[in-house]
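Please read the structure below before turning to the comments.
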Amino acid sequence: MKTGYLWAIASALLVTVAQLLLKIGMSELPDLQLEKQWFDLHWLWANIIPISVVFVGLIGYVLSMVCWLLTLRTIPLNKAYPLISLSYVFVYILAVVLPWFQETLSWSKTIGIIFIMLGVWLISQKTEQTTSH
């Protein structure tokens with residue numbers, strides 16, 4: 001397997017972790033009134049854990065972007081880009097399996113995930129080179 005494919009999978013996994021952390025962090029924060037609370041040190045300190053979780057999620061996005069840039073150095077875009085959609089698969093599975101999210105398994109979502117995986121597989125297949133006469 002090319003190194004670029006490993007970077008693409010790492011990017012999708014990091015996006016997955018980032019999404020899950022953002023969901024956890026934002027779910028724990030009280031409703032935001034941005035004009036007041038971001039400058040209130042008491043509010044910030046009282047919510048330091050969920051804010052930290054959100055911040056780590058944002059770092060996950062940055063690391064994912066680094067992996068993605070490394071992917072683009074070695075893989076054609078039409079092969080690399082579909083691999084990003086694997087994050088949909090990972091997020092769905094983890095949101096159903098991990099108890100913090102309490103997402104429900106459904107047939108329609110599962111079939112959609114199967115189609116995504118099938119599409120990624122089809123696009124990643126080598127294409128035959130045809131010559132024109």
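Placed from the backbone N, Cα and C atoms, the Cβ positions cover glycine too.
These numbers come from a predicted model, not from an experiment.
For 51-125, the entry in Swiss-Prot reads domain 'EamA', with the evidence type sequence analysis.
For the topological domain 'Cytoplasmic' (1-5), the model's average pLDDT works out to 83. Positions annotated as topological domain 'Cytoplasmic' by Swiss-Prot: 1-5 (among others).
The annotation topological domain 'Periplasmic' is assigned in Swiss-Prot to 27-47.
Sequence-distant contacts of the topological domain 'Cytoplasmic' (69-80) (same chain, six or more residues past either end, CB-CB distance under 8 Å): 2-5, 7-8, 11, 123-124. Look at Swiss-Prot and you will find 69-80 (among others) tagged as topological domain 'Cytoplasmic'.
What Swiss-Prot lists as topological domain 'Cytoplasmic' is 125-133 (among others).
The transmembrane segment annotation in Swiss-Prot covers 6-26 (among others). With a threshold of 8 Å between CB atoms, the same-chain residues lying at least 6 positions outside the transmembrane segment (6-26) that come near it are 50-61, 63-65, 67-68, 70-71, 74-75, 80, 83-87, 90-91, 94-95, 98, 100-101.
Per Swiss-Prot, transmembrane segment is recorded for 48-68 (among others).
Annotation comment: Swiss-Prot describes 81-101 (among others) as transmembrane segment, evidence class sequence analysis. Long-range Cβ contacts of the transmembrane segment (81-101) within its own chain (Cβ-Cβ under 8 Å, at least 6 residues beyond either end) map to 5, 8-9, 11-13, 15-16, 19-20, 23-24, 68, 71, 109, 113, 116-117, 119-120, 123-124.
Marked as transmembrane segment by Swiss-Prot on the basis of sequence analysis: 104-124 (among others).
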Give residue numbers and ranges for long-range contacts of the topological domain 'Cytoplasmic' (1-5): same chain, 6 or more residues beyond its ends, CB-CB under 8 A. 70-75, 80, 83
